[in-house]
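Working notes, beginning with the structure itself.
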């Protein structure tokens, strides 16, 4: 983010903290919470949870992902005021329901502003405008229905509470899940506009020690540009919806096992099973921006590759000797990769051994393939 966006992000985060402090203080010191008015305690806990979830969504999906604008800042501030009104009216179900309707309208306004901004700035988004807007209209409808029921019928206090909480749970589960999943990252073929950021990510890896997860392959700007211009499907990037490139992967596609570099397989069962395949995606390198580590970016890229190439086997070599890239091995195993063999290579005239890890969409087949008894290999030393 630029300095303006950082200021807005910090300001909104601080406002959420202040809001929680004021709201909780109001509940604790102004209201009389005890076993005799259990319903107020339930609503106080509920409203606090709502604010915490909104803060979480801001921090996790919006602050770093969206380029803040003045209009967005104003809408965010209005949302904060509305959340404060939830605290102020936590023990009044009808008023609370009304402010949830307002909150739903502000969420829709935020979405409309975001869609306008992306279109105005000619930025690509993986969120389709119409379904997203309809999703927010659905949320408003649920809140509005709850408000109408509470203002039309006379129920007991606990039934009123149940209606309020149920409306929020429905909205949370049906009106936000797809948005949260799709808003976080985008995955697409690399373009010339991505090259500079790919180089930037690559250079951070080259400054590291091998044990921390370095990339040994050089990345040439002109080579990448030529590959992209030739429309070969070699480079893919993961981005935030704000356009920041947060990771890239370079692949080489093979149509038969014989085309791959010579591999010493752990068992004949593995090589025999792979011989049946006709699409192998060899990972030349994969890298993730430093401040996006441990956020599932690598897994997201691999998952999208398998969605694009349904019958493909992803093959990833990871150095094990003379320097073992432990971080990369652990990360790939956590994603679901299985070690199936070794390969001897030379790099800049130096000998190197890499473990070969594979990943397929059919996890059961992968488990069956790699659970065969390992056969000792000849001519490969890892010492």
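Yeah, the Cβs are placed from backbone N, Cα and C, and that goes for glycine too.
Listed in TrEMBL for this protein:
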type	residues	note
TRANSMEM	7-29	transmembrane segment
TRANSMEM	41-59	transmembrane segment
TRANSMEM	71-90	transmembrane segment
TRANSMEM	96-116	transmembrane segment
TRANSMEM	137-155	transmembrane segment
TRANSMEM	161-179	transmembrane segment
DOMAIN	185-364	domain 'N-acetyltransferase'
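Looking at 41-59, 137-155, 161-179, the range that has the most CB pairs within less than 8 A of the transmembrane segment (96-116) turns out to be 137-155. Tertiary neighbourhood of the transmembrane segment (137-155): same-chain residues 93-94, 97-98, 100-101, 103-105, 107-108, 163-164, 166-167, 170-171, 174-175, selected by CB-CB distance under 8 Å and a gap of 6+ residues from either end. Per-residue confidence over the domain 'N-acetyltransferase' (185-364) averages 80 (mean pLDDT, predicted model).
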